[in-house]
Number of protein chains: 2
Amino acid sequence: MLAAELASRPLEWFSARGDLAEVVMSSRIRFARNLKDRPFPTFASPEDLTSAQEEVMSLLLSVEHLRDSAVYHIDQLDSLSRQVLLENRQISPALARGGPGRSVVTDSRGVVSAMVNEEDHLRLQVLLGGLNLREALSVASSILERVDESRFAFHRSLGFLSSCPTNVGTGLRASVMLHLPGLQRLGRMEAVSLECQKLGLVVRGAFGEGTPSQGAIFQISNQVTLGPTEEELEEKTSAVARRLFEEEMRARQELLRVGGENLEDSIFRAYGILTNARLLSSREAMELLSTLRLGSSLGMLRPMPAGFWNRLVMDVQPGRVQALRCPDDTDPSGRRRARAALVRERLAEMAA
Amino acid sequence: MLAAELASRPLEWFSARGDLAEVVMSSRIRFARNLKDRPFPTFASPEDLTSAQEEVMSLLLSVEHLRDSAVYHIDQLDSLSRQVLLENRQISPALARGGPGRSVVTDSRGVVSAMVNEEDHLRLQVLLGGLNLREALSVASSILERVDESRFAFHRSLGFLSSCPTNVGTGLRASVMLHLPGLQRLGRMEAVSLECQKLGLVVRGAFGEGTPSQGAIFQISNQVTLGPTEEELEEKTSAVARRLFEEEMRARQELLRVGGENLEDSIFRAYGILTNARLLSSREAMELLSTLRLGSSLGMLRPMPAGFWNRLVMDVQPGRVQALRCPDDTDPSGRRRARAALVRERLAEMAA
C-alpha cells in the first residue's frame, strides 16, 4: 500500500545531521518558478494546467538528480497517501487538494520535492535535517542550474515572476523548523515573533501558514524575496535561527531556575502518560513529546537523540500513524489507540 | 516525635482481615454514653468537663482491655499529632479541636478509641478491617460490660441518653467505609444514597459528615439509634454493606463492557502518573489510587492486596504523609513532593 510505504521510509531530515539539532529540526529552501507565456496556475484552465504539467515534467526529468524520483499525480492518490506526503512535508496543503495537472516529483528520502501546478507552475523544495540551509540552497540551485532556465518567466528588473507578489524576485523562501519549548513556556513567543518581524522574517506554527503551533514547534522564514540575493536570504534566516537557538537554550536554563519542581513534575508526568496511555490524540501526543524532550535536554530524563524525536513527533501525525499502524481502520479511536501503542513501543525501545 | 510514631504504626483495619475487603475497607461500631447527674459536654463548664473527664477515665482504665492503651489529652498534642489521630480515625474532627477535659484513650493498633468529652462524655469506638461489624460490636459490648454501666445516664423507656437526640437509645452507630468506584463512575451514587435512606441508613463522604467523597470512598451508617436492638442495627448495616458490595461488583463488570478503551486508558494513565509524578495533592492522589485499584480489580493491572491499598490511601492524607516523611516541613509543596515520593516507592515495592 502506497501510504504505508510513504510513511515507513526514513526521511533524510529525521536524521538531524545539520547543526543545532537540539533546537533546529529541519531546514528548507523553496524556489517558485513559472513557465513563460503561460497563465499562472491560479488563472489557468484545466487544459492549460495539463499542458504546463507536461512541460514542467519534461524539464524536471531531464535533470539527472531527479531521474530516480517518483512522480505522483495527486488526483490518482488516495486521501491517506496525500495526507502522508503532506505530513512528510513533501507536498503543501494546497497541492494535497489535487486538481488537474497537479503532481509532485520527489525522492524516496524526502530531500527534493518538485510540486507542479501548486500556486506556481513549479515549486522546488529541498529539505534537510538540523540547521543546514546553505547545503539545501546549494542542492536546490544545482537542480535549477540543470534546468533550462530560459523557459521560466523572468523580468529584467523584478526577477522571476510568481502568482503571488510576495514570491517575486528570487522566488526563494528559506525556512527552518524549530522546537522552542523553553521560550514558549516562559511566554516569550509573542516577543520572538515581533523580533523576527523586524528582521524581515515571519514565525508560523508547525505546519505552516495559518496553523497553530503544536508541541512548541515553530517555523520561521523570510518574508521578502525581492531585493536581497539568494545567499543573503539564506544567511539572514540562518543567523536568526542561530540566535533563536541561543535564546532557547538560555530560556531552558532560566526555566530550570524558575520552573523548579512544577517543571520537573510536568516532565515526569509527560513520561508517565506517554509510556502508559492507551489512547492519545495527536495534539496531546505532541505536547507531551515536546515536554519529554525538554526534560531530556534539561538532564532530567535520559538523553534523547534529535533524530529519534523528529521521527516520533512525525509518526504521531494522523496520516502517518494510520498508514504505519492501522491503514484500514477508519474509526478515529483506532488511530488514537494505534498512536498510543506506537509511542509506548518507541519509548520502550529507547529505554532498552 | 509523636506524630511520626502515630503515623507509622500499622493500624489493624489496614490489614483488611474482614469480609468483602475488595469493597469494604473498614467496619466501625460506636457507642455514645453520658455520665449520670452531670451536664452534657455541650452545656458543661470547663470545671464540669475536667471532673467528667476524671470520672470517665477512671471507668475506662478499670477495664483490663484498655489498661495498655495510651491516653492523649488533646490540648497537650501538637496539631500534626491531632491531625494524624484524626486521619487514623482514632478521634473525630470535633475532638481534634481540643478544649478542656478532652482526651482519648486508644490502643496502638487503632482498634479501640474512647473519646472523652466529645459531643458526649464517652464515645467508644471499635474499628476493624473489611466487613466485620459483628466482631466490632462484640468487642465494644464486652468493654461496656466491664464498665459500671449504672454510672451512665439511662431512661427507662428511651434508653441511654445523649447530647443529640439522634443518638438516644442504644447510642449505637454502626458504619462501614466502602470503595465504590464502579457505582460512582456509572453515576449511581445518588440512587444508592436514596436507596440507603429508605433502609434507614445514611451515605457520607470518606471522612464523615459534611465531607465530600474523595477517591470514591463512602461511609454508610444507621440513621436511627432508638427502637431496634444493637444486634438488629449491626445486622441491617452489614446487610446493606453486602448488598452494596454486590451492586459495586456488578457495576465494575458493567463498566468493563461500556467503558471500553476510555476506561482502560484512564486506568493506565493513573498508573503512569502515580509512578512518575513529582508532586501530588492528596485529592489527586486519592482519585488516581482509586482508579488504580479499580484497574487492578478489573484485571487490567496486577492484583493489589486490599491491605496495601488501604494503607496507601491513608498514607497520602496530609497529616500522615507529613508525619511519615517531612515532619518539620511546613511548606505545602514539601508535602506534595513527599506524597509523590511515597507513592512512587510503594508502587515500586509492590511491582518488585
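Keep in mind that glycine also has a Cβ here, set from the backbone N, Cα and C atoms.
Sequence annotations record features per position, and here TrEMBL assigns ATP binding site to B:26-30, B:Arg123, B:173-177, B:204-209. Taking Cβ-Cβ distances under 8 Å and a sequence gap of 6 or more within the same chain, the neighbours of B:Ser26 (ATP binding site) are B:Trp13, B:Gly18, B:Arg89, B:Leu127, B:Leu128, B:Gly129, B:Gly130, B:Val176, B:Met177, B:Asn310. Look at B:Ser26 (ATP binding site): DSSP puts it in a strand.
Per-residue pLDDT, averaged along the domain 'Phosphagen kinase C-terminal' (B:23-251), amounts to 90 for this model. Annotated domain 'Phosphagen kinase C-terminal' per TrEMBL: B:23-251, in sequence order.
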